[in-house]
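Novice: When I checked TrEMBL for this same protein, it listed these features:
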- 72-229: domain 'Nose resistant-to-fluoxetine protein N-terminal' (DOMAIN)
- 291-311: transmembrane segment (TRANSMEM)
- 331-355: transmembrane segment (TRANSMEM)
- 375-396: transmembrane segment (TRANSMEM)
- 464-485: transmembrane segment (TRANSMEM)
- 512-529: transmembrane segment (TRANSMEM)
- 541-561: transmembrane segment (TRANSMEM)
- 584-607: transmembrane segment (TRANSMEM)
- 619-637: transmembrane segment (TRANSMEM)
- 649-671: transmembrane segment (TRANSMEM)
């Protein structure tokens, strides 16, 4: 295929000795100085005359239009001032006209947004000599075509609108649009406009409604924006103070150091940095889990990058219905299963460490400290994330900044306390920091596990029966919820309509019943390891176990492949998949962990036990909390449409991953690590003889003495 660039940039190897030949397309138009001035004067007069002609034609039409829809006098006069000034080619009014969006290019491939120039609009200030002095105000106007009710609900993005499936003739524009009408459930034709600040929301809404009526579409106001604000931070000087304090106490012995200095030691950036990036770990640490958690959190970030997009800010959005059907994209479409890996690991480590350090003996578990240590492990990073969220509206701006960020932030103003009590997942929907539904479930499971451990330490069979009861309850409960509310088999990224996703989330996804089975599978695996049930396993059983594990992963990822392509499956298959796919996935993860920890993991164990994963894993909890905020900030801050091609999405994914780890490193050093050290010092002073369960501490690189006076490490999903 020959393009214009091929024609104008050819090389003449014979005549020009393989040198590039410049053409008129590559060189500026050079004239003598006097001719340049004359040419620019002709250019100015030509365009000024054109602008004046356009203004004279449009002025009575627009004036009559504004009076007809009854906008406010200030808005009316300001708009007419803009039009008059534009006829004179004045800079400020021309900028205001130029800042407006137009009909977007690529409309037929799903580019539905023309943003205009957000920053240029907000920089406009009208001359003070005008009757009404004003600034530029950016707004988004949305136009939507009529659509039938979505039936059946919860369809894949690849499933079209049945009512319009045979609309118009093939080859016609409206046939093509009708075949992609499902995208208009979530996206709209969005045009960015720049209007005087004297125009109220009601004025712009009247204009949108009237224009929409002309176009046979429903017009509405999307969002408006004010000038961005700035927020500044100051850095800590705790290390400096600590060093000065230590110099004054050099003569004192280690035992005589006061509580104040011990407290300040916890905030030492140097000490925390060295601990954070140390690749040493205690012998009790199951090293392969570091790699599994790192891979899982990367998977989650990639999935949220794709799933949390504002579809109105994407170009070529119609192409997504093909992308969700690609075989190699299923790991992103089915990424909701990734978090169940964390639940399985949490149950596995909790059981293993409790049983290992108590020796299976009753009366050695301090119930209250079991709960409180876990609470104080999870809470400081969560509080920090909430604080960041509250100041977030002050830190950015953009055409859809308020539209994207404010719903994300406003839910926390009245419901933040639910997050701190870890009961937010019991409220539907989860209104504050949506990603924290997982932490709430994990804490609920941690407390619920006491109903297993207390009887199990007296009678192991009773504990196993309770675990199996919870497992079956989870499977049955999830199946019933899916059947009763007519939900899809799982939480698909292939679902386009965010309202459908929200309704589904309210009914099943963050429900503790939905993921309890995964935690129970982890508990059973941890019990098998602690009781050394895998010491004598034949090669045939091992081979079958590996085959079953691989099959479980593949069946979960690709089990709903046809559904993602828009093919509706049977209800029986959907119910079976809904109830079993999460425990089946967890069983595969549990087998992988058991094989690695018992020395049967071969090269897989070597890869997952790579030492850098130890440091990266210490950041996992903070990364989980902060990455979702970063995704929302990016989506709200964009000024240009996002291309849906794979290479563009990959760049954005890696940017989110890098930023998440960089910001999390700072947060861990300033907050999480200090509070972790404070918690260790506080609970290490416990005088009781009962064992206390704490999250595993990879910062302690020394030998661990297994005695009743030691603080026992519990395997929560995340650790420092």
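From the backbone N, Cα and C atoms, a Cβ is placed for every residue, glycine too.
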Novice: Can you tell me which parts of the same chain pack against the transmembrane segment (584-607), counting only residues 6+ beyond its ends and a CB-CB cutoff under 8 A?
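Specialist: Counting only partners 6 or more residues beyond its ends, the transmembrane segment (584-607) has Cβ contacts under 8 Å with 286, 288-289, 291-292, 337, 340-341, 343-345, 348, 517-518, 521-522, 524-525, 528-529, 534, 542, 545-546, 548-550, 552-553, 555-556.
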Novice: Hey, which bits of the same chain come close to the transmembrane segment (291-311), Cβ under 8 Å, at least six residues off its ends?
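Specialist: Beyond its ends, the transmembrane segment (291-311) has Cβ neighbours at 183, 186-187, 317, 331-332, 335-336, 338-339, 341-342, 345, 400, 403-404, 493, 496, 589, 592-593, 607-610, 613, 616-617, 620, 623-624, 627-628, 631-632, 635, 642, 649, 652-653, 656-657, 660, 717-718.
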Novice: Between the stretches 331-355, 464-485, 512-529, 541-561, 649-671, which one has more Cβ pairs under 8 Å with the transmembrane segment (375-396) than any other?
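Specialist: Top-ranked stretch among 331-355, 464-485, 512-529, 541-561, 649-671: 649-671.
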Novice: Mind checking which residues reach the transmembrane segment (331-355)? Cβ under 8 Å, same chain, six or more beyond either end.
Specialist: 284, 286, 289, 292-293, 296, 299-300, 302-303, 306-307, 324, 365, 438, 441-442, 445-446, 449, 453, 490-494, 509, 515, 518-527, 529-531, 556-557, 560, 564, 581-582, 585-586, 589-590, 593, 693, 696, 712-717
Novice: For the transmembrane segment (464-485), what are the same-chain contacts with Cβ under 8 Å, counting residues 6+ beyond its ends?
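Specialist: Sequence-distant neighbours of the transmembrane segment (464-485): 448, 451-452, 455-456, 507-508, 511, 513-518, 520-521, 523-524, 527, 571, 574-576, 578-580, 582-583.
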Novice: Given the model, what does the mean pLDDT over the domain 'Nose resistant-to-fluoxetine protein N-terminal' (72-229) come out as?
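Specialist: Averaged over the domain 'Nose resistant-to-fluoxetine protein N-terminal' (72-229), the predicted model reaches a pLDDT of 86.
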